[in-house]
Amino acid sequence: MDIDESTKYNGYPSKGDGQGEKAYDVQHGETRDNSDELQRHLGNRQIQLIAIGGSIGTALFVSIGGALNKAGPASLFMAYTFYSLIMAMVNNSIAEMSTYMPVSGGFVRLAGHWVDEALGFTAGWNFFLYEALLIPFEITALHTVLGFWRDDIPIWGVAIAVIVLYGACNVLAVQAYGEAEFWLSGGKVILIIMLYCFTFITMVGGNPRNDAYGFRYWNKPGAMHAYLASGTKGEFEGFLAALWAASFCIVGPEYISMVAGEAKRPRTYIKNAYKTVYWRYGIFFIIGALCTGIVVPYNDPQLDAVNNGGEGAGTAAASPYVIAMRNLGISVLPDLTNALLVTSIFSAGNTYTYAASRSLYSLSVQGHAPRFLRKCTKQGVPIWCFAITMCFPFLSFLAVSSASNEVLTWLVGLLTASGLIDFIIMMITYIAFYKATVAQGIDRKSLPYCGWFQPYQTYFALAFEVVVVFVSGYRVFLPGNFTYDVFFTTYTMVGVAPCLYVFWKFFKKTKIIPSREVDLVWDAPLIDAYEASFVSPPTSFWTEIIQLLGFRRGVKDDVRNT
């Protein structure tokens, strides 16, 4: 239907009752945080660090060495830079939707409400499985990293300890999770700064050997490495190998979307979190790839050994930084790096536990999972969703009978495709959202966040992610390379996701929602009323950091009308 200008309020159409602005002019009564039972308690600094916690794990510090080994420093740098730009486009799209409609379940519920209920069903279960399977991945990775110090630590002991700690962090109120994640993610920031300082200081000669090696390894053995084939073709395949590694390593927007439903003042704090993603990609991933290619050559014997299953594989010994430290005769720093890696991995798993439980909760709210999963504690924790999520960490016990590296390989293969499918669904949802704003005459510039270069950049990012998800496993189709386990781990989720969509579409007889019928009102009046209930202004990230040191404690961001 056509939307008359008189039936709009704050940039979105009313429900057509003819009352115009008066329909949503909230003057009196109780203001709720959400239309469900989750509570908005996450502050600005917690949201910022949670976004870091979910996006940075072993891939940036350890697994990136495997990409360097295959591609060489220049190809690694180009691949991570290019994919960071793709993910910036994804961020640009999901930011516009999530700041306007910061509901629990994030992009999962947006897909079901604005595109097709079957797409929401697919997004929810794909994301839940993605996050839930990442938990045992991080536990297994944590065990292998601990193997840097000693190799007789039992995987079952590590798994039990981590499961208990994840449970303690997530079963309490969301503030407890947010506070724990803030400090754990702080360890990642310290590790990144330390490794970047190590790179710069040693490359200009500040090392025991007084060797100012600079960009030596870009010249010898070379900037690009031929992988699988020789010559230019091999160098291109090396670039592709680095690009596939980047697609697993570079993430982030989905976690901000998932916390939007529990964020205080989401129109401000969620918007700020999304805006910082752009420089975060540059500082963490692009500069990280550059530093990796500076400190160690791609053909270093130890790097080649650990990335082909040799001694030290999967531990901090496989990190290109630790290899460089040992090559330069630097002691202590490798142990410190490994210790900070432990906190980094634990933090990532903690975020995955949170995201998995919230995605399962959103599935229940939409009617895509049993109703009893909507049950929340008085603190706003979906207790049954949490209980089911905590069953998945026990998959890490598979490593008791298999090499940890093999388990990691299985999980990485399954998870890479799931992550890409999540981004594809986000792009499809944004296209539907954009078309709905055009059809209903809504000026996107009136929204809390208006993305750049839309919708063209979304179409480009969508096309690129679709290509990646289908061709990332091309190696298995090369002559003499086909193996059932690699094919299965690479393409299982590529087949499962369409099956989920088709199943729910036929089971519930759902339809793709026409642009003029997309409900762009939804929870917007409730969110606006919640935002308007605040008397105190929002606080900045650095103000909240200063408050931790005992200063400006009187500044509050949660003073509301009663």
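Heads up, the Cβ atoms here are built off N, Cα and C, so glycines get one too.
Caution: TrEMBL annotation is automatic and unverified by curators.
TrEMBL has this to say about the protein:
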REGION    1-22  region 'Disordered'
DOMAIN    47-512  domain 'Amino acid permease/ SLC12A'
TRANSMEM  49-68  transmembrane segment
TRANSMEM  74-94  transmembrane segment
TRANSMEM  127-149  transmembrane segment
TRANSMEM  155-177  transmembrane segment
TRANSMEM  189-206  transmembrane segment
TRANSMEM  238-256  transmembrane segment
TRANSMEM  277-298  transmembrane segment
TRANSMEM  336-355  transmembrane segment
TRANSMEM  381-401  transmembrane segment
TRANSMEM  407-434  transmembrane segment
TRANSMEM  455-474  transmembrane segment
TRANSMEM  486-507  transmembrane segment
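By number of Cβ pairs under 8 Å, the transmembrane segment (49-68) is matched best by 238-256 from the list 155-177, 189-206, 238-256, 277-298, 486-507.
Counted over residue pairs 6 or more apart, the CB atoms of the transmembrane segment (277-298) and the transmembrane segment (238-256) come under 8 Å in at least three pairs, which marks the two as touching.
Tertiary proximity for the transmembrane segment (155-177) is limited to same-chain residues at least six positions away from its ends with a CB under 8 Å from its CB atoms, namely 38-39, 41-42, 46, 135, 139-140, 142-143, 146, 262, 346, 349-350, 353-354, 357, 379-381, 383, 386, 390, 393-394, 396-397, 399-400, 404.
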